[in-house]
Amino acid sequence: MTGTPILELRNITKTFPGVVANEDVSFSVGRGEIHALLGENGAGKSTLVKMIYGIQKPDSGEMTFMGEAFAPSKPSEARQKGVGMVFQHFCLFEALTVYENIALGLSAAEAKTGDLRQRIIDVSTTYGLKVDPDRLVGTLSVGERQRIEIVRCLLSEPKLLIMDEPTSVLTPQEVNVLFETLRRLASEGCSILYISHKLEEIRALCSKATVLRGGKLVGSCDPRRETAKSLAEMMIGATLNRPVRDLPEPGEIRLKVQELSMESDEQFGVDLENVTMAVRAGEILGIAGVAGNGQTELMEALIGERPCRFSRQIQLDGADIGQAGPRERRALGMCFAPEERLGHAAVPGMALWENTLLSAGRTNDLARRGLISPTNANRFALRVVDDLKVKTAGVKSAARSLSGGNLQKFIMGREIMQRPKVLIASQPTWGVDAGAAATIHRILLDLAREGAAVVIISQDLDELFTISTRISVIAGGYLFPSQPTGELTVESLGLAMGGRSKEIEAAKRADEAVAEPAHV
Amino acid sequence: MFRLVPRKEPNRAMLYATPFLAVALTIVAGFLLFGALGKDPLHALFLIFLKPLTDFNSLAEMLVKATPLVLIATGLAIGFRAGVWNIGAEGQFTIGAITGGSVALAAYPDGGPLLLPLMAVAGALGGMAWAAIPAFLRTRFNASEILVSLMLVYVATLLLSFLVHGALRDPEGFNFPESRLFQEDAHVPALIPDTRAHIGFLVALFAVAAAYVYLERLILGFQVKVLGQAPRAARFAGYSEKRIVWTCFMISGALAGVAGLFEAAGPVGQLVPSLPVGYGFTAIIVAFLGRLHPVGILFAGLLMALTYIGGETAQIEMSLPSATTSVFQGMLLFFLLATDVLVNFRVARTAKPLATPSGAAPKLKPAE
């Protein structure tokens, strides 16, 4: 099916001030091929596809598309030639219908050809992408919104479709539907450039993979013939030791949340409904869920940024702390690592050593009687940087100057090194490279082994299956009862994550029927 | 067209250079302005920026003007660091003068060594009480402190006018709307003999030092900075926004109140309706010109005092309009904010419509 390549890149180099994003990258995508672009965060995948889609220009090197020289200077030019792209973050207007959103995204010429509504219906039925043109986008799920973006791309009959981390927002079931669509497109001759760092997906979907590391081409392979481990090692350029979950029998209940309901104070926030959970010493509870289902609100309630209605709604080692503020909870041995690093877990403009004061001030003697001790704070920050191998010019660098993954390592280190009794972390390895993710997982397991109760809120099911002892799902602000990881499958979790209202209702009824919290 | 794109990491050197750059640009613009007015620009600039420095009495006057500016700006800067926009220091200044001055008038004609400290405390409390209004309305009802504090300035000014026309009017003052001249013990002692420079300047220096310690060494000051830079991080750390907002208002109110009292009990010596001359507003410029840093504010306050004195000299000697000083101060703030924007953002051209035909791709250098 391949023959002449549809897209060929030769010696592409792109530098930004201070960093080389791509260096001398050459590869080609065959006709009808599903081609994976694989690499860690910061390996240069995004920059590369932005150049193909005309958002950025290469400093040197050349591209050919369908045998012709290809140097798009803007996305519309790339689209005209037959390149479509589905971004990780959608740009849709919630208050408009599907039809209106699609019409807005097309050029005048594209929009005029034929009856657009009929074409939307045709394309969506042909490829199994169910969308109703007259629904308001605001009422659609994330998966449905992604379909709109794909339909929009397909309307212009692309020869090459670029997909940037398309599955990060989907449930496992939705991922399967997407893969079928992509396979079908490929069988009709449309090439697909698929960007991801989820190795299992790539093994299931792609016939060829190009691996980038530090902006350079490491090699290419047939992912179907590799293992996830060998792919990961190509990506990080080192052997990878996955942490093993060998936790002892759980001990006493350390953290208990009972019937916690809380209305969101954000306009589009999610209200927490009757959240109940218990985590024992030595346990890691994973909370799975699609983004925007109450994770942020749950984290805020656990940190104590918003007090509970009743103090007994959250208990630490049997003591009621539902109305205690973050500082009191920290003093009792809780630590928190929220999802948003810049602006929530860290102050962007402040130095790393200053950022230790946010949460570790008391535990590490960084301030005494209201007086900051720069010496102690610097020493603590240095220890975090050394232990977690944070790449930074020094502890006097501003938090903002660190890459996302490195800042995440710093924040995780700051919390973990306080040796908390209870640690609550949201997306602990989001954007972190595979090597560092393994380190963070190992530290979390160590912490549990030493008797801490750990709660991990994450959208990465691989992560949850690797380290959690039990997993529950949050959907629409409701937390499903947890089950031991061994008894769960990705499919069963996926159904709950989809937030089927019927199941939530059923589970809620079951909850109400049982007077005691059912899943302690 | 052009648009502003945020810079990833603003150049630190430029950040400190902008105040100097703004002064330089103000001088250039002033040069052009005086030229356009048909006055000798060099002479005018000499009178404004250099002449006062050559004269002992002018230097002392600079301290007189710098005292309230530095005091008020130091307090405001702490609030500005926290994102608390107290624009009404002028009002707190006026109320401080009223409450502090009332203590002197109540004791009249008695004195004693405790009188002045008592007046200072009363002045500070008055400023704090006036600042408590916007603080309460913001923390309780989420009302914009910018509007509330600003509008209270006019209330304070009218209150002063009301009092000196009535309750506080000098009984032997032939019905002039003024209070009595304060008794000897109620006068702020001179710092330099035979000039109007008073020990209020030492208090201002002390405030600068205290604010420096507060912001750089105390957890309280750290909380102020966190709230200003990342309010969510402040919530994460468990810092109470309410408490920080109140603290900032109390500090800036107290300093503005004391500044008002020093003005009334110093160079003026009584309560008059024209006591508020805009120090509270100029102090906002001083705070930003000093980079919201106490030491920077000290120098900025002295510079701003220089433009007051120099502006007056230039008005008298070259018969320049009385707005000269205000124009200079306005330009200074304008250029400072403008250069600040350019330090934090860069100007980018938005993509022009494509001129080259799509087939003719620009020649790219082959990579080696």
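Cβ atoms here come from the backbone N, Cα and C positions, even for glycine.
Matching B:16-36, B:268-288 against TrEMBL, the residues noted as transmembrane segment span B:268-288.
TrEMBL assigns the feature transmembrane segment to one of the listed ranges (B:87-108, B:175-196), namely B:87-108. Taking every recorded stretch in B:87-108, B:114-137, B:197-215, B:268-288, B:295-311 and counting its Cβ pairs under 8 Å to the transmembrane segment (B:62-80), the highest total belongs to B:197-215. Take the transmembrane segment (B:146-168) and the stretches B:87-108, B:197-215, B:268-288: counting Cβ pairs under 8 Å, B:87-108 has the most. Looking at B:87-108, B:244-262, B:295-311, the range that has the most CB pairs within less than 8 A of the transmembrane segment (B:114-137) turns out to be B:244-262. Counted as Cβ pairs under 8 Å, contacts with the transmembrane segment (B:244-262) are highest for B:87-108 among B:87-108, B:197-215, B:268-288, B:295-311, B:323-343.
Between the transmembrane segment (B:87-108) and the transmembrane segment (B:268-288) there are at least 3 Cβ pairs closer than 8 Å, counting only pairs 6 or more residues apart in sequence, which means the two stretches are in contact.
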